[in-house]
Amino acid sequence: MLFRFQIINFIFQLNGKFPAKSSVLSVLAPKLNNSWSHYHTQIRPTKFRSSERDHTLDSNISHSNWLITKLSREGKINEARKLFDKMPDLDVISWTTMITGYIKCGCLKEARILFDDPGSKKDVFTWTALLSGYVRSRQIAEAERLFVEIPYKNVVTWNTMMSGYANIGSINSALNLFNRMPERNVVSWNTIITALAQSRRVDEARKLFDIMQEKDVVSWTAMVTGLSKSGRVDEARELFERMPNKNVISWNAMVTGYAQNLRLKEAFEIFEKMPEKDLPSWNTMITGFIQNGDLKQARKLFNEMQERNVVTWTTMIEGFVQSEQSEEALRYFSRMQADGIWPNQGTFLSVLSACSVLAGLSEGRQIHQVISKSNFQNNAFVECALISMYSKCGELSTSREIFSRAKQKDLVSWNCMIAAYSHHGCGREAIQLMNEMRNLGFRPNDVTYVGILSACSHSGLVDEGMKFFDELVKDGSIELKEDHYACLVDLCGRSGKLQQAFEFIKGLGDRASKCVWGALLGGCSYYGNIKIGNLVAKRLLELEQDNSGTYLLLSNIHAANGNWKDAAEIRLKMKDTGLKKQPGCSWIEVGNRVNVFVVRDRSHAETELLYCVLRDLYVKMRGEGYLPCTELMDE
């Protein structure tokens, strides 16, 4: 964002004004179409230093400069250089155009070599173009050295260096430069106000804003945005109402401010009042509704939109995933492709999550094929989502294959694979993988320990899990979270150390969440421990009164011990409070068709055949000595 203000610096100072109406994308487009070569050839400065001859009247040179600019924009930088080398006469605009072309194509080293050529002709625009290149590539040390060397600096030069500091978060350095500027324009003020506001130094930004002599729409919008992001949305609204001129970006800033502070009613009121809406306006409002859990209203707005982009579709897909409507998420992904919109990283992450929830292996494989044809096939986050998806669809070997093929493994990749082993109860493999990770110099974080503790718990590796937990406590650099405590309690519960786990939770005090208590209640249910189970259930019901699972587990504990009367009373109490257990549900994909089964559901077309097979299986299981544990079955 701050580098984009650098581009605005160039536009403002050479054009003299911003467009009256413009979208976020047009004003802040991070492209170098408005490069220094473009300015020299199309919007030339009004005058050069008197010691230099103005060659702009030479049509041959002017045409060659234009061609260099055109070739550079098309990425044909080698052809542009050949043309440059063939020019019999080069003016300062030619040198600046070629240097800027290199910068635009990411060839900063070549730009510097040309800049340092003994025969090069430079003016303040040439120096500032190279400075801009260093700023854009975040080579601030080089930018600082060049800035000191510049023989003559104009306001654009100062603004470029200031925005460079702001880009890397060196706000104090940017502010110091601003205070030293011999001359400032509105872009100078806007850059520093935006930098301060974005770094949550809103009061300092407001002081500068209040003493600013000439404010434009960018100044007002920057201040409104800063106040909104700091939670001071009422102050932002007061400032918004005072704005002499508003454009679509200003309106979007106010809508975003209300939406980010979960004041959706006011956000929607502003949205409806907007004289002009663009794609960010609609996307912001849809995102706000989804974040507030109002998927119905988000869907209504989505259907009203005349135009949608990848952000629109991805937001809706993620909304369906969050609302546990994964099948709808996949349908929207298909519609998005049919609309010719190419997915981005966020889209792939959301839709792979939907496949994981549904255990939709065939859909996951199809999405994997799409990913393999995109620029995200080696993206670490997308690879992790694939590892997780295949793991949850039962394809652990495929997960391991993707992990092994990954060119650049980071900590997230290792954590995903450890979690995959944990999901399948492969504790030994998870431990081995963690050792490999450490040998390669990766330090485990809180997520790593959740994965390894869970893997130990699911594999019955109690001693190993205890060692990892002790290691975590002694480390000191990692904050212990409720997931770590829940894993430890689950570890103790599965090994029958219920009293030890109970004492541990009591020692946590208020830090013991319902997740931690729930893990212990599960252990009590497994071992039929009524004494501790009653205490744990009582505590759980204090934390969450409407959880039917707590009642059912406690009822099963009593049933396992033959206390049928107590079990029935608990079930009756559950019904009296209006709680109902969600029916068990499972599904299996056969022949590209998903077959869904609910408890006692006989709606399937082949119900009779299915029950016949089940009866045969039951007879064979009884023949092998299997006895069902019917006392723990739900009603």
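Cβ coordinates come from backbone N, Cα and C, glycine included.
Per TrEMBL, the features are as follows:
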REPEAT    60-94  repeat 'PPR'
REPEAT    123-153  repeat 'PPR'
REPEAT    154-188  repeat 'PPR'
REPEAT    216-250  repeat 'PPR'
REPEAT    278-312  repeat 'PPR'
REPEAT    410-444  repeat 'PPR'
REPEAT    445-479  repeat 'PPR'
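Helix, strand and coil counts from DSSP across the repeat 'PPR' (410-444) read 26 helix, 0 strand, 9 coil. The average pLDDT the prediction assigns to the repeat 'PPR' (216-250) is 91.
Cβ atoms under 8 Å from those of the repeat 'PPR' (410-444) belong to residues 380-381, 383-384, 387-388, 390-392, 396, 399-400, 403, 451-452, 454-456, 458-461, 464, 478 of the same chain, restricted to positions at least 6 beyond its ends.
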